[in-house]
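Asker: Sharing the features that TrEMBL gives for it:
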TRANSMEM  A:59-85  transmembrane segment
TRANSMEM  A:97-120  transmembrane segment
TRANSMEM  A:132-156  transmembrane segment
TRANSMEM  A:163-184  transmembrane segment
TRANSMEM  A:242-262  transmembrane segment
TRANSMEM  A:274-294  transmembrane segment
Amino acid sequence: MRAALREEWQQLIQRRRILLLFISTVLVMLLTAQRTGQLAGMATLAALPLLNAQIGRLFATSLCLALQGWVMLLSPLLAVSAYTVGLQSKMNLTVLVARLLVVWAVMILAIVLTLPFFSLLPLFGSLSLPEIGWAFAVIVVTVLLSGAYGVCWVTVVRNPPAALFLAYSVLMMWLVAGVVIAVWDTQPTSPVVVAVAFNPFAALLAPLAPAFPPDGPIAADLQNLLRFTHGVVDRATPLYRLYIAGSGLLILVLIGIASFAVRPQPRRWQRFDTLFSIVCAIYLVALGMGREWWSVALP
Amino acid sequence: MIAHRRFECCDGVQAFSYNEAISFSRFRLAIMIVRRLRLTVLLSLVAVCLLAAQITSFRVAMAQPTVSLELGTPFAGQYVVGQWLPLRVTLRNQGLSAAMVTVTATPADSTIQYARTLRLAAQTQQSLWLYVFLAQPARAVFVTLAIDGLIVDRQEVALLLRPVERMRAVVGTSPVTSDLFAAGSLRVANLPDHHLGLSNLSVLALFELDGPLLAAQQTALLAWVYNGGHLIIGGGPAAIALQAALPPALQAATITGAAVIDREPVVTLGKSSLNTPLLGVKLAPVTGAQYRGDPAAPAWVEYAVGRGRVTQLAFAPEALAAWAGREQFWTALAQPVLFVATPAGASAQITPWQLQMLTPALDALPQIAIPAFAQGLTALTWYALAMVLLALGFWRWRRFAPAMSLLLVALISAGVGLWWANANAAPAYSALRMTLIEVIDSERAQAQTISVMLSAMPRTETMVFTNPVIARPFIIAGSDGSPGGGSESLAQMTTQLERQLAPWQTQALWTTALIPAPVVRSTLVVDQGRLRVDMQNDSQYTLRDVFVVYGDQLLFFGTLRPGARSVARWPVLFTPAAAGLSLGQLVIKDLQENGLLIDGDMEKAAQIRAALADAAVAALPTRFDPGPFVLAWLDRDPTVPVQPSIGSVETLLVMRPPIRGQGELSLPVGWLRLDPAGSEASPCLNGQGVQLSGEIAEIRLRLPPDLSSLRASAIQVRLSPAGATSNVNLALRAYNWVTGAWDAVAFNPLSTMTMTDAEPYLRFGEVRLRLSGGLDRLGCVVATGGVQGVLP
């Protein structure tokens with residue numbers, strides 16, 4: 001396993017497109033920061049209470065959303081890259097797990113490269129550590145989920161361009177469905193809340209939204225954003241808890257599907273299955289025991 | 001078979017023969033049994049420990065202090081909306097000493113808890129007052145008693161809503177059989193120790209004391225009268241004892257002996273003949289007090305204290321017990337001095353009006369400077385450039401380019417950025433603190449503070465005060481005043497308050513405290529025929545932008561540092577102020593015109609200062625109270641030990657300087673001012689002048705109480721009608737106090753009219769004028785005047 005992991009890592013990290021991934025991630029964050037700075041500059045013309053805090057909230061929201069969108073976009077691409085450079089002949093459960101871990105590691109590395117952008121947030125004095133901590137947790141979970149999602153598609157389809165197309169198509173439908181449900185539904189019933197919570201952008205905004213400013217141009221922008229992500233769901237609802245809990249389950253399901261698809265026939269019970277079953281059981285027990293934590297989001 | 005039987009021990013499978021087993025010592029057997037039964041032993045030990053703990057806790061519970069709670073309301077639960085209900089709490093501890101006894105009172109349908117915490121020694125009894133603000137009608141107040149956080153008793157106090165004008169109380173026996181003193185007959189022990197506890201009352205009669213008044217009760221009475229209460233002090237045999245029990249500031253007259261009292265004022269009010277002689281004490285009014293009846297033996301003396309009044313009777317109330325007109329007399333005498341209608345309800349205290357004056361300034365929270373995030377963006381650009389170059393550098397030798405190097409650069413950059421951002425972080429909290437300090441006598445001042453707080457993040461704000469305060473949430477537009485919908489406990493008579501701030505919810509807290517009066521002496525002295533203003537700042541505070549104001553006349557003194565003295569003579573001529581401007585606006589206009597209001601955020605500073613000045617003067621359109629006042633902004637807020645580092649602080653000191661001296665005095669036009677209460681006309685909409693209508697109307701011009709004994713030789717009157725005066729056949733008559741007739745006066749509406757030999761027309765500082773003609777065309781009329789005469 002260790003050898004497979006090392007080999008997958010070396011294969012992936014030596015590719016120029018990984019360097020491009022890092023550079024583009026930093027540039028995307030820089031552009032976002034510059035654009036937010038322009039918006040903040042315009043907002044300074046208005047006499048708003050605690051304008052610094054409002055700008056800080058806008059800054060944090062923009063950076064988090066940009067990073068979230070970027071990792072969602074890149075993770076399937078990275079998974080496909082890993083597939084095309086990986087050891088096709090040796091494709092087995094060990095390689096699958098190694099590839100998944102490598103994809104996750106590269107994406108986490110990309111996130112770490114963006115930390116200097118987030119380090120400026122205390123300047124505005126309007127974000128608490130739990131708020132930004134939960135936002136980052138959502139981003140990391142999204143990385144894990146989208147990585148597993150990409151690896152699953154490429155493993156099942158085995159045709160990288162087709163897998164990429166399908167992955168992005170389903171992802172797009174997922175996001176659109178979340179927005180449509182949020183905008184059209186008028187009652188925050190449990191299914192609606194679950195659907196909204198599984199919009200990664202809604203989950204990301206959930207820890208930041210309760211302290212959104214109520215008035216002013218910045219507030220209006222943020223409220224418009226919430227209209228598309230949250231809809232009728234109260235912005236104080238901790239949707240991120242539902243998202244994190246559900247994403248863990250979804251990741252396990254995706255790994256299960258990929259592991260089923262990757263093994264040669266006749267398919268037999270292997271040591272991986274025992275470990276995977278134990279992990280699944282532990283996770284389910286943890287979900288059950290921590291029901292109060294994540295079910296708070298449900299009406 | 002036994003010898004070969006295998007035994008199993010607790011540490012797994014351990015085989016030994018029977019012969020070997022019997023060779024074990026008893027000790028080893030015991031050890032083995034214990035090891036085999038270790039779970040049972042462990043459980044037994046846990047059970048024993050639990051039992052011991054339970055027994056101990058039971059003993060502790062048995063040793064708890066036994067505290068009983070007894071509640072009382074001085075006014076039988078009657079209250080006025082928008083005022084404070086006093087609750088007398090008596091705690092008896094028949095057990096051990098209690099470290100933390102908390103009494104909490106909550107109005108029904110409210111989440112605000114007013115609490116007092118104390119330590120109660122063993123076998124002791126303690127009484128305290130708890131004040132509950134009733135912002136809306138409530139059927140009851142719930143009082144809970146908690147010892148060390150554990151609620152041990154809960155009681156309900158039923159309430160009864162009353163209009164404020166009916167809230168009269170008497171200490172002693174009621175002089176009437178009707179429910180005129182509906183708030184009840186009180187004992188001294190039932191008098192609250194804080195003026196907020198008296199805020200429900202409009203009139204309090206002090207006829208008989210069954211014990212000494214505590215210092216706190218005396219101060220409460222003084223502050224209550226200063227804020228608009230009407231205190232009636234009985235005369236007769238109890239007069240000396242009553243006067244001795246009151247603070248000097250509430251003494252309207254000195255008692256110089258016994259006399260047969262002039263019955264005329266009594267008969268006038270009672271509208272019934274009084275044949276029996278009225279015996280009582282002989283009252284000599286203090287400066288500024290007005291007698292009623294024969295000056296040698298007045299029936300009573302009226303003395304304005306702040307916005308309230310003290311009426312000191314010369315006779316005992318029992319002297320009128322058999323008189324047919326007593327109900328009428330007491331009803332006419334025991335009238336509220338002040339009546340303020342605010343959205344919260346009617347009040348006989350000025351505080352709600354002052355708070356209403358301050359409301360427009362509550363949204364003037366100071367702006368927080370935007371942090372220099374442009375520098376941060378530049379740094380980020382450099383970081384991005386560095387990452388690009390680093391990545392390009394690795395482009396060729398990527399096999400040797402460890403990802404860890406990128407990681408390292410990113411983490412170092414993030415660390416540096418975090419340090420820089422924290423070092424230059426802007427506060428996510430803004431606050432505005434407005435304090436109004438009113439000097440009520442030479443030693444004491446009452447301070448009212450409104451603290452407006454806005455935070456972008458959840459925050460616990462700890463407020464520390466120099467003197468014990470009583471606080472309540474202040475509801476402002478767009479906010480419910482509660483900390484995020486949850487219940488809130490407000491400790492009373494404490495120097496530290498904590499408030500939970502929810503993000504982006506503007507919250508305001510009103511606090512009041514009695515503080516030592518800043519040692520600032522200000523007096524208007526009669527000097528060489530004119531008034532001279534003496535200001536002496538012996539306090540530790542710097543007084544900024546000091547004004548002495550009377551009506552719309554402002555006298556600017558500038559800044560007075562500690563120890564500074566300043567003297568100015570009152571100008572002979574004043575330009576009438578622009579109509580429609582409040583005193584606060586006039587003050588701000590004066591400061592701006594002289595370039596003295598040049599702070600960073602001038603607009604907000606002007607808004608706050610104008611609101612504070614208006615609240616300080618609290619000019620009511622139906623009430624005569626033009627001053628004089630001294631307004632001075634303090635450089636520090638005396639109610640807090642440490643000045644807040646975030647937000648803005650405005651502290652206004654207000655004093656009522658006395659007018660002293662004797663001899664010839666010339667008061668320029670502007671000193672005789674309209675008394676809206678005495679005039680037969682309604683006040684104008686802008687609060688300045690009266691609206692005359694019909695064919696005949698009476699207006700009254702008045703001097704401040706300290707000049708009420710002025711004997712006039714000449715009077716000038718200037719009428720400034722807003723409407724047309726041409727083709728209006730106006731006639732003016734002045735009331736002659738000597739003859740009781742209305743004398744015709746030559747009058748031109750466009751010029752200042754002068755009356756010579758004016759002594760008969762000024763009495764008790766009052767000039768009565770009667771206008772006749774087509775008054776409807778005059779519109780709003782502002783009448784002012786000046787006087788020349790002698791102050792005896």
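Using the three backbone atoms N, Cα and C, a Cβ is placed for every residue, glycine included.
Curation plays no part in TrEMBL annotations; they are all automatic predictions.
Help me understand the surroundings of these features in the structure.
Answerer: Tertiary neighbourhood of the transmembrane segment (A:132-156): same-chain residues 60, 64, 67-68, 71-72, 75-80, 82-83, 96, 99-100, 103-104, 107-108, 111, 118, 121, 163-164, 166-167, 171, 200, 203-204, 206-208, 240, 243-244, 247-248, 250-251, 254-255, 257-258, 261-262, selected by CB-CB distance under 8 Å and a gap of 6+ residues from either end.
Same-chain neighbours of the transmembrane segment (A:242-262): 91-93, 95-96, 100, 137-138, 141-142, 144-145, 148-149, 151-152, 155-156, 193-194, 197-198, 200, 202-203, 206, 272-273, 276, 279-280, 283-284, 287, 290, 293-295, 297-298, counting only residues six or more beyond its ends whose CB sits under 8 Å from a CB of the stretch.
Here the transmembrane segment (A:274-294) has Cβ contacts under 8 Å with residues 241-242, 244-246, 248-249, 252, 255-256, 259 of the same chain, all six or more residues outside its ends.
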Asker: Do any residues of this chain, six or more beyond the ends of the transmembrane segment (A:163-184), have a C-beta under 8 angstroms from a C-beta of it, and if so which?
Answerer: 72, 76-77, 79-80, 83, 146, 149-150, 153-154, 156-157, 192, 195-196, 198-202, 227-233
